[in-house]
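Taken straight from Swiss-Prot:
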{"type": "BINDING", "residues": "47, 48, 49, 50, 112, 473", "note": "FAD binding site"}
{"type": "BINDING", "residues": "58-60, 186-205, 222-223, 354-355", "note": "NADP(+) binding site"}
């Protein structure tokens, strides 16, 4: 006879920003919950865990913007431009877990190999590598967007050097310092820029191999806007947000002016051309043929579309280090590796190397779900419902074109369809990027997907997603009809495809649009999204997490009011029945 499963009310998979906050929020709102947090790392933090960080790794967000609203981050190891180091972030998340009692609920070095439905359809069974399965009534799948590294496979004959992913760069610091003189870096994501900078600072020779796809290289902002203030501070203002055409912000004066009027669209175009010019001027791509290969596409406004990705040069001397460093860019792909230390390229060249570092990004971390369950959960496009979703997508395209004419004729040639197909065929079809419409419409509140978005302002997004999601899982809020939820998901996906081109075809991507997303979740919760004390601050002063530090108490107040109204209604009905 098989032993009974170890069962929990809630299991959270992932101990990064999203998983820790989801667990804390659940325990705050339902303190008696039997909750477990699982993570396959040796320490908390996810991509910011102790084993994954290295000295030159910094977040792309300035210090006061990269923290939970109610738990200030120490001002330690901050870059000259105000960016937070990986070491500081890891210590912060570890302290957060300890101070909020989450360590007692945590199991590290625990890999979930398979997730499936139990005999009871609202129960989830988790198969654990090298251990007994676990069961739970509610599952919070908070593995995030950076948990499943993409590692290409090539023909290999006699190659003996390490081949690692950028995720493992922290573990290989001693090896690189003592054994590496020449390195091959593969990819054009932000992590490739970080890896190249780190290697050049260590005096290594770098061969940077990046496929010459249509989406082009990563768009890298200067650390400051016009040399006056931190770029992350600038894009966290409502004023800057108004220049980005966004499906989550389609009303109000700024929308009607900047996105609907001819003059407003001219000013919007001028804003983005200026931003692109400042970015290009800071990078000085024209200095060499080598650096010209890193110029974002389209050349005139690459930082607006961000088809290859969008980020910030967090090291003040990044471009000077690059221009002076011993680095060669190869616009091709690796064909094979051989002869102990040789990397063979498709353009016919061969390169000797002491290590290969993949900076090839991340696939969607849904390998634990079988294909049928992935379709049921909206994690992949269901071919059975292809015609229905095609109609929804076509209507969504029309909606986006009507509401946001600035991106109506987006340059679709800047994309790599092969890359899109390899990453789950596009963004999830989830309502508010969190909930499966089909399950929610059936009253199934047993699974939530926080963190599967690409937004630079991670801590605040984690906090709002947690409060929104946990309150729904507890049955405290109802959602719209299935049709409305599916339309919302289709509209968002159509928008992000048009707005961010290749990135939007692969991910729920909204780097410039975090304020409208936060506003949307706040309104859903019945909370006031406008947090500043006056109109000037509301539009021109940066929004930071501490502006939201009272949202949990605010939501509790809303919840108390709702319960009082429910009781009042029940008493009225009871009185009417007595009168009858």
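Just so you know, glycine gets a Cβ as well, placed from its N, Cα and C.
In this structure the alpha carbons, written CA, of residue 49 (FAD binding site) and residue 191 (NADP(+) binding site) are 16 Å apart. In this entry, FAD is bound by 47, 48, 49, 50, 112, 473, whose most widely separated C-alpha atoms sit 32 angstrom apart. Closest to residue 58 (NADP(+) binding site) by Cα-Cα distance, out of the binding-site residues 48, 50, 112, 473, is 48. Comparing C-alpha positions, residue 473 (FAD binding site) sits nearest to 195 among the binding-site residues 195, 199, 203.
Residue 203 (NADP(+) binding site) falls outside any helix or strand according to DSSP and counts as coil.
Considering only the binding-site residues 47, 48, 112, the residue whose Cα is spatially closest to the Cα of residue 187 (NADP(+) binding site) is 47.
DSSP classifies residue 195 (NADP(+) binding site) as helix under the three-state reduction. The binding-site residues examined here are 112, 195, 199; by Cβ neighbour count within 10 Å, the least packed of them is 112.
A coil conformation is recorded for residue 223 (NADP(+) binding site) in the three-state DSSP classification, outside any helix or strand. Nearest by CA distance to residue 191 (NADP(+) binding site), out of the binding-site residues 47, 50, 112, is 47. Checking each of the binding-site residues 47, 50, 112 against residue 195 (NADP(+) binding site) by C-alpha distance, the shortest gap belongs to 47.
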